[in-house]
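> In case it helps, TrEMBL gives these features for our protein:
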- HIS37: active site, proton donor (ACT_SITE)
- 30-37, 147-150, VAL176, 184-187: ATP binding site (BINDING)
- GLN61, GLN153: (R)-pantoate binding site (BINDING)
- GLN61: beta-alanine binding site (BINDING)
Amino acid sequence: MKIIRNIEALRAVVASSKKERKTIGFVPTMGFLHEGHMALVKAAKAENDIVVMSIFVNPTQFGPNEDFESYPRDEARDTSLAEQNGIDILFLPSVETMYPESLTATIHAQKRVSVLDGATREGHFDGVLTVLAKLFHLVQPDGAYFGQKDAQQVAVVQGFVADYFLPLKVRVIPTVREQDGLAKSSRNVYLTEQERADAPVIHMALRRARMEVKEKDKTRVLANIRAIVNQKKTHEKIVYLDMYQYPSFEPVEDWEKPIIIAICVQYSKARLIDNEIIGGA
Ligand code: AMP
């Protein structure tokens, strides 16, 4: 595995891979790797000649009161996991490498972002798209791999890639969970013991809602999820809970088309998100 920290070295390996006509699968992450990330790697390996992973905690996608500083980081552990999982190129840029100057232009997300994380994390998706624009230009992937856990991110990235005719496939990988159903997340390490014991209720409530959607009563479906989650007492609050058509994130009008139920729960030190997509593929 090659570890690369600067732009010139990355450009050089990408250029030589392209020259050899190797396809490139790209897995952008913020590190503190877990099996969710590795499911993306596995798909990328299966579909490409080489796999590039980036680990970069991107400051521009964090708001001023969010957890940029405290986001879990462990480069030694990540490097060894990346190596074990067969990554070819691990890109570990610093903030100065990715943002050497203040930006002349940023990418502004304007569709699919008026709700959920777009509404509660101001500027979040602008930061995500801006860093992805940089990374896509550098890595020139044939396919980029994203997790369904961040479903709104997937929808925004798919829209961006289509808008700008970017020559890459966006591949979406199902959410990898702990045995008790909790979605794997780097932020899970910040749950207290009791919060960790309670947090699987999020997935449990969403799963149960799957059955109730047949009755086409949005208010009831959401009220039931809220009631189940709130049976546990350790979380601070439900930051959002709502349902939309997927992937448009427009209000539910056609119950036969794919619907997403998305939730965000704030614990003392961790903000967890999860979702369930009902119908469609
Ligand atoms: P992150 O490092 O949290 O920014 O995540 C990097 C990528 O891994 C994103 O595309 C996430 O959606 C994806 N990912 C994170 N957690 C999971 C999971 N539990 N299952 C599948 N993909 C995930």
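For all residues, glycine too, the Cβ spot is worked out from N, Cα and C.
Where the annotation comes from TrEMBL, it is an automatic prediction and has not been curated.
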> On a simple 10 Å Cβ count over all chains shown, which one of the binding-site residues MET30, LEU33, VAL176 is most densely packed?
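Answer returned by the neighbour count: LEU33.
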> When DSSP is mapped onto helix/strand/coil, what comes out for LEU33 (ATP binding site)?
coil
> Listed binding-site residues: LEU33, GLY36, GLN61. Which have a CB under 6 angstroms from an atom of ligand 1?
GLY36
> Sequence order is fine: just name those binding-site residues in GLN61, GLN148, GLN153, VAL176 with a Cα within 10 angstroms of the residue listed as 'active site, proton donor'.
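Those near the residue listed as 'active site, proton donor' - Cα within 10 Å - are VAL176, in sequence order.
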> Near GLN61 ((R)-pantoate binding site), which residues of its chain come within a Cβ-Cβ distance under 8 Å, counting only those 6 or more away in sequence?
GLY123, HIS124, PHE125, ASP126, GLY127, VAL128, VAL131
